[in-house]
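This report concerns only the one structure given below.
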Ligand code: 6GU
């Protein structure tokens, strides 16, 4: 998979992708992530990329020309399955959306800033609009990082047995059960006996029941059909 992220603050994302599982995923050749600075595609000598909104109102709007130039130069190299615009008025990101996107080959993620991008960018280029939740961030970069992380960890080979995505909260619409490690007792607080019993089938059953109980208590909405 290849992910190209278009942003006016590339530094914000560079360090994120240089660490942990995301670094290993790139080193292992499972994904290639490239971050592109919109300013490099500015069409004037002052390298400007935004301007005042037609019709007035506060806030600057990202212009179409640099973004169009950037997207088209990427499209010269390869076909893209999806051009995603990260925006608070997009479709709410959920695990099923992430699962679908993890099956794609090449994806562009466009990060908005200020008052957003010129509507014509959305009309002419964008194929999918995604929000990561009902709150407003100052830009789409953190949302692109969140979405990329969620996608990349699902790519075959990125996670090993120990970090397997199959037992995640949400992967089966249930929250994950509680987990414990050594010591078996800390200041009088003991690990549940069942986990020390070595009885695999009973442990699985216990975990499943804990998942149901936790979901019922914390996220009853997930249990509705
Ligand atoms: Cl994708 N962008 C911004 N700016 N704010 C958000 C968001 C995206 N999703 C939730 N809040």
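The backbone N, Cα and C atoms fix where each Cβ goes, and this holds for glycine too.
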Name the one residue among 112, 157 that TrEMBL lists for the same S-adenosyl-L-methionine site as 132, 133, 134, 135, 136, 137.
112
I'd like the Cβ neighbour count for residue 112 (S-adenosyl-L-methionine binding site), meaning other Cβ atoms within 10 Å of its Cβ, all protein chains included.
24
Residue among the binding-site residues 132, 136, 137 whose Cβ has the most other Cβ atoms within 10 Å:
132
